[in-house]
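The following block contains the structure, expressed as structure tokens.
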């Protein structure tokens with residue numbers, strides 16, 4: 001008896017621990033549900049951490065809920081009465097009581113149950129409202145791997161859906177606490193028109209499938225009803241898949257004159273939304289437990305939307321079905337009544353790049369002019385969109401010189417060029433891949449709700465090829481105005497001539513560079529159409545050199561040159577010479593810049609210091625310029641002296657030596673009169689820094705320094721132009737050489 005009392009006490013203590021653990025978990029779940037209900041209130045949306053609440057709700061299903069003994073057996077205490085057969089001779093020890101008390105109770109997770117453990121089903125009538133509320137709250141965070149195929153005319157209840165989500169409860173249903181602004185993840189399972197359709201929660205898919213299997217097991221014991229009741233719940237075998245589904249009798253139709261005994265009924269498949277008229281003999285009585293389970297669909301209508309012509313067209317119904325067919329969507333509740341939810345169907349958050357669902361189905365139908373908004377109806381129910389600046393890359397700096405081709409001309413103050421080299425080769429590859437992809441994809445990736453600034457692929461009306469573009473305007477009539485980001489032109493196209501641009505085609509920046517010619521203004525008040533034609537003619541199919549004069553926010557002010565055999569021709573100056581514009585600066589003053597012949601410059605003959613020789617990176621000579629006006633030509637000899645026979649004396653003419661030519665618009669020179677001082681200074685620099693130790697400081701831009709050129713093996717005076725280059729380098733200038741050198745070479 002003592003053993004029995006001890007075993008009872010031990011089991012009671014162990015069960016008390018389990019009860020305490022259950023009470024603690026129950027309190028935690030109730031508190032979490034209160035937080036979740038509070039979070040659904042729009043007034044509290046900014047005060048709560050939705051991500052934290054979502055994670056906690058998802059973790060609830062992993063709480064231990066199964067009562068199991070430590071050895072995996074059932075929860076009954078093993079008590080065995082053992083009789084000693086020698087009790088007649090040993091009466092004092094004739095029997096003993098063995099109590100197996102090694103087992104203890106514990107709560108375990110579903111995944112930790114023994115392989116042979118059978119989970120008992122919970123009766124539907126005993127589930128609490130708390131569990132149903134938890135199912136409703138967690139459903140909006142659920143996901144599903146595949147969705148179903150629906151028929152536009154009538155959604156078949158035999159769809160072979162498979163869901164990986166197992167969080168919905170057995171009595172899963174739409175939350176009775178639905179409020180304006182709340183949302184759920186659903187699929188559209190039956191469509192009559194955009195004002196009359198049914199949805200099914202993604203979280204309820206497993207419950208629907210399980211219910212169908214249970215009905216098939218009970219149908220053999222079911223009988224036809226003796227009398228059919230209007231609004232009664234029955235089982236019906238669907239003829240297409242021969243499976244049994246729940247239905248509600250909407251109306252009882254009068255019998256035909258040929259057969260007065262057989263009546264027909266109009267039924268609604270309450271878990272899918274489609275209807276059918278069948279003979280009453282196909283009805284079967286349904287077990288009460290399944291009849292009381294709430295319907296798994298909800299009747300919906302797009303909020304505040306009416307058809308443009310007073311009646312939904314077949315084209316509008318087909319387009320609506322195309323937008324939502326085979327897709328999970330986010331249903332936002334705008335208003336609701338006992339029978340219908342007034343909703344908008346939206347794209348799932350974070351799925352913009354891969355989803356064909358519009359950001360807002362309501363907005364899409366209005367854009368396509370199938371519907372219009374009712375007066376005083378809030379128009380926008382959209383997802384928060386990421387603010388992304390597509391295609392942009394600002395990698396130009398003042399003084400850059402690059403080879404380009406003209407891609408589009410509006411005027412001398414607005415034209416577009418494309419860079420050559422690696423950029424052009426990559427663009428060619430992207431264009432080839434795009435046309436292969438979008439030609440074979442047919443209507444995949446249609447944009448139902450285009451927005452200004454959205455990137456897209458657009459089919460050019462001239463050659464029917466696909467190009468990268470950006471939407472710049474929505475003029476109406478299902479038309480979209482696009483800007484071709486790699487060429488600079490724009491055009492008006494139909495909405496179905498654009499597609500969602502795949503992320504792999506967004507990797508390179510826009511190749512069309514917006515430019516304006518420097519130092520030129522129109523001869524008249526505005527640029528004439530003739531100047532556009534002229535500019536297109538002189539630049540067509542030519543490789544041009546572009547020199548950046550000024551970098552502006554959305555445009556570069558540049559000077560364009562065409563390189564010919566003996567001269568570089570300034571396109572800016574050509575426009576002025578032809579009378580289309582007026583020059584207001586040096587970048588448009590001279591048409592021809594004669595090429596440098598590469599002969600080295602020699603120092604003056606009277607120079608006293610000859611070492612070290614001040615070498616030049618780009619030897620130049622025989623530079624000849626031609627002015628647009630009547631200015632006189634000047635020829636500089638190889639010795640750097642002005643030829644007196646070709647250029648009369650003028651106090652404004654100076655003898656110079658060309659030190660460095662970055663472009664025809666940027667030339668560095670030095671006065672020949674100061675050449676001797678320059679040579680002396682260079683000689684002193686070499687002598688001083690040949691023995692001086694290296695000295696470094698915290699350098700700043702515009703700091704003056706002395707730099708050793710690795711290329712010329714000499715020291716030069718310099719000014720720091722740029723720091724923070726790779727490998728601790730700095731870009732410096734001595735007013736006639738620009739280079740990037742390691743920072744330790746500065747003193």
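Note: Cβ is positioned from N, Cα and C throughout, glycine not excepted.
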Would you mind telling me which of 47-78, 79-110, 111-142, 143-174 TrEMBL tags as region 'Disordered'?
143-174
Pull the DSSP breakdown for the domain 'Tudor' (227-293) and write it out as helix, strand, coil residue counts.
7 helix, 28 strand, 32 coil
On the 0 to 100 scale, where does the mean pLDDT of the domain 'Tudor' (449-508) fall?
91
Where DSSP helix means H, G or I and strand means E or B, what are the helix, strand and coil counts for the domain 'Tudor' (449-508)?
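Helix, strand, coil within the domain 'Tudor' (449-508): 7 helix, 30 strand, 23 coil.
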